[in-house]
């Protein structure tokens, strides 16, 4: 393969406190678990360091688990002085009324098939979150999210509706930095990154499980079309096992 014109590096945040408890998290703003912090340092940052990756600018969401992952990476790479842009459109998908509930319990109540449809279908949303949900007000009143216009603040989302906010952020904010020659790092979430990958690859990714913490690189030609495949900064066996772990969550 000829040298690509551009490359962008992506990282899905490490395990969060709610990942650990197998809870639907979405827009609820929990931090990394101890294992998530370890992964950010010993998996994400270590892989980037070993590959001698350097960055000029970083993009992340407005949620702590992604922000904390990025902070750990930049500190380890001695890059704490680069600009960081927190963009709410890179937030995780909003899981609506499922927020705060155990994935196994929801499967027992609604059936495994229904929960998998909500989790993995392109355009079938879970029920919207209601004010009676114990986390509704914490999400709505989160100072990190107060700048979001009411019309843009979701109450439930699908991969499709998540892509409708993520893709414009990619096109309007991130790509101009890439085209300007900046070395760009994006640290975000499972569904927001899956939506970006789907857009970039123009492919069906419904069964694509994006592993936590393992950095991956996508190369582009002059017209920002993807060239080659996704390059994970880990060996194939490590990537396969991490993907299988993501696929098994909730079972």
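Keep in mind that glycine also has a Cβ here, set from the backbone N, Cα and C atoms.
All annotation found in TrEMBL is predicted automatically rather than curated by experts.
Per TrEMBL, active site, tele-phosphohistidine intermediate is recorded for 13. Listed in sequence order, 32, 36, 40, 65, 66, 68, 69, 187, 188, 189, 212, 213 are the same-chain residues six or more apart from residue 13 (active site, tele-phosphohistidine intermediate) with CB atoms under 8 A from its CB.
Residues within less than 8 Å, Cβ to Cβ, of residue 92 (active site, proton donor/acceptor) and separated from it by at least 6 positions along the same chain comprise 25, 26, 27, 61, 63, 188, 189, 190, 191, 192. The active site, proton donor/acceptor annotation in TrEMBL covers 92.
Annotation comment: TrEMBL describes 12-19, 65, 92-95, 103, 119-120 as substrate binding site.
According to TrEMBL, the site 'Transition state stabilizer' annotation covers 189.
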